[in-house]
Structure formats: C-alpha cells, structure tokens
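Enquirer: Pulled from TrEMBL, these are the listed features:
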type	residues	note
COMPBIAS	61-75	compositional bias 'Basic and acidic residues'
REGION	56-76	region 'Disordered'
TRANSMEM	124-144	transmembrane segment
TRANSMEM	164-181	transmembrane segment
TRANSMEM	202-225	transmembrane segment
TRANSMEM	245-266	transmembrane segment
TRANSMEM	273-296	transmembrane segment
TRANSMEM	316-336	transmembrane segment
C-alpha cells in the first residue's frame, strides 16, 4: 500500500496495480485505494485549473509563466511528498499547487473542488476509470464471499468500535512523540486555540462529548483480547485502560489532545479536504474492527509520518533509539521469556 501511495503521486497505472495487489493482503486496503484515488482526482483537476489560468493569462509564455509552470511540474504531486527542510512542513503554502486562491472555509473549499471536478468530469472519469474497475471487482468479491472478511467471519463481525479511533490517535501521537508531546508543541497548540477561541472551544466541547460517548458505550472487549495473554494489547487493556473503572474516562483528554495535534499538524501541509478525508478513511478502517490490534494502525501511521514536518536530527536520533529499544525489548521477551499454558501443551511467547 505504501508503493500504491508513492505511485499515486505520479502519472501512470502503477498505483492501480499496487493498490489491487495490496487488497489481496488485507481487504480494508480498498479504503486507502479510494483515499489515494479521491485525492489524486482533486490534485488532477486543480492542476488542470492552474494550466487553464496560465493559458488564459499568457497567450505566449513569459519568463514568469515559464517559472510558474516549471515550479508546478517540479513538484511531485498536488497531494504528494516533497523534498522537505528540517523543521518545515511539506509545504508552507498548502500542498494543492493548482489552487490559485486560499479558501476561507471548508465549505468554500469543498464547493470549489466539486465545481472543478464537475467541469472536468469527462477527463476525470477517463483518467481514474481503472480505479473504478478495481472497485467493481472488489464489490463482486464481497458478494461472492458473503462479506469482506476471509476466514473466521464469526470472530470478525463488524462492530461500532468508535473507541478504536481514539486509541489510534493516542498511539500515533505517542509513536511520533517529538511531533506531539513537547512543551513547544503544547504551546503552539494552545496559541492556535487562543487565536481561534470560538471555533476551538466549540470543537473541544464536541470532541470531549463524543469521546465520552465512544468510551462509555462503544469500548469493545473482543474475546481474543481478553483471552490471549501472549499479546501486549492484553496487558495494556488490563493494566491501563481497565486498571480502574475511571481510567478509561481519565484518558479522554489525552485522546482529544492527540487528535487535535494530529489534525493541526496535517492542516499545516494539506488542504482541509485532504485532512477530513484522511480522518474519515481512518474511521472506516478502524471503527468496524472489534479487535484492538496495533497492526491495524500501521498504514494510517505511515501516511501520517509522510505528511508531517521533518524534525531535527537530535530528535530523530532519539526517536530512532526509542524504536530500537522497543524492538530489542520485544525480541528479548519473545526469545528469553517463554511460558506455558496449563490447558494447552507447547511453549508460548510474548508478541505484539
């Protein structure tokens, strides 16, 4: 799926090929394929719009227009990865290079994109038709299979596991600690909230309320989570989330802060439509999954990293050292701390 994301930043059919291949490994990858296609279509129509503007303004190319076109073409994609400098986001002007004006609201941005897509609907349909073919084939598979799940369908029933979305926010922010949990970051977020006091206060109240509902009514303890003490999620659930009856509620402010920080950072380098579609895609992937599994978080976490600012070498080294320490601990526990179940023969080992 990472190759599909990379390929989606360039012209050609490789994104469709890699995306279709990724679905064979995990069916929910179809959500990310739709995410790439949708944002690719937005980038495509905005590039068309910019080209039309340049053509209208300059019947013969001037040095300035040549520079603008060259600058636009040198960028990998309107929604893509770019060469970034330390402590700078992916783009300081917004990643949609084809956007010739800034939008004052999400609604205005949405209508502008919808208008551009409608005006170029034939070109968009032709360019992105291969994605539709893959989606139709996937729909046929679901009908034939009787659902999206392969294997033990009864153990992976679709559930309204809204708390899973909160877990991802905290886990991803913790995994990217130098981005989200530093005094400077807390100060930046605080100043942003003060600058947008009315909006941020309302958003905070809504987020806290929805998070309380998600934690209180939609925290699902899957039988696998409760029964299998080989996995670290078993201990996180028992020793942290369920340590006391109030613990899951105490974590709510951390969940909300994590998501605010994630959205704020993404909003510095991506248009609001991209950020909303990313959050929506994460929800579509994680909420229906009743089992808490860190591997479900891998793809959205990678996308989040690729669209976050580059940090300094010192912080990067510290983060890499922390990851290495976690890996060494995991290997040591797996190799040197085996245990046995009384009800089942064989050696058991700790794992993620």
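Glycine is no exception: its Cβ is also placed from the backbone N, Cα and C atoms.
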Enquirer: For the transmembrane segment (164-181), find every same-chain residue at least 6 residues outside the stretch whose CB is under 8 Å from a CB in it, and list them.
Expert: 211, 214-215, 220, 251-252, 254-255, 257-259, 261-262, 265, 282-283, 286-287, 289, 292, 294, 296-297, 300-301, 304-305, 308-309, 311, 315-316, 318-319, 322
Enquirer: What residues elsewhere in the chain lie close to the transmembrane segment (202-225), defined as a C-beta under 8 angstroms and at least 6 residues from its ends?
Expert: 155, 159-166, 193, 231, 233-234, 237, 241, 248-249, 251-253, 255-256, 259-260, 290-292
Enquirer: For the transmembrane segment (245-266), what are the same-chain contacts with Cβ under 8 Å, counting residues 6+ beyond its ends?
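Expert: Beyond its ends, the transmembrane segment (245-266) has Cβ neighbours at 89, 166-167, 169-170, 172-174, 179-180, 185, 188-189, 192, 203-204, 207-208, 211-212, 215-216, 219, 274-275, 278-279, 304, 307-309.
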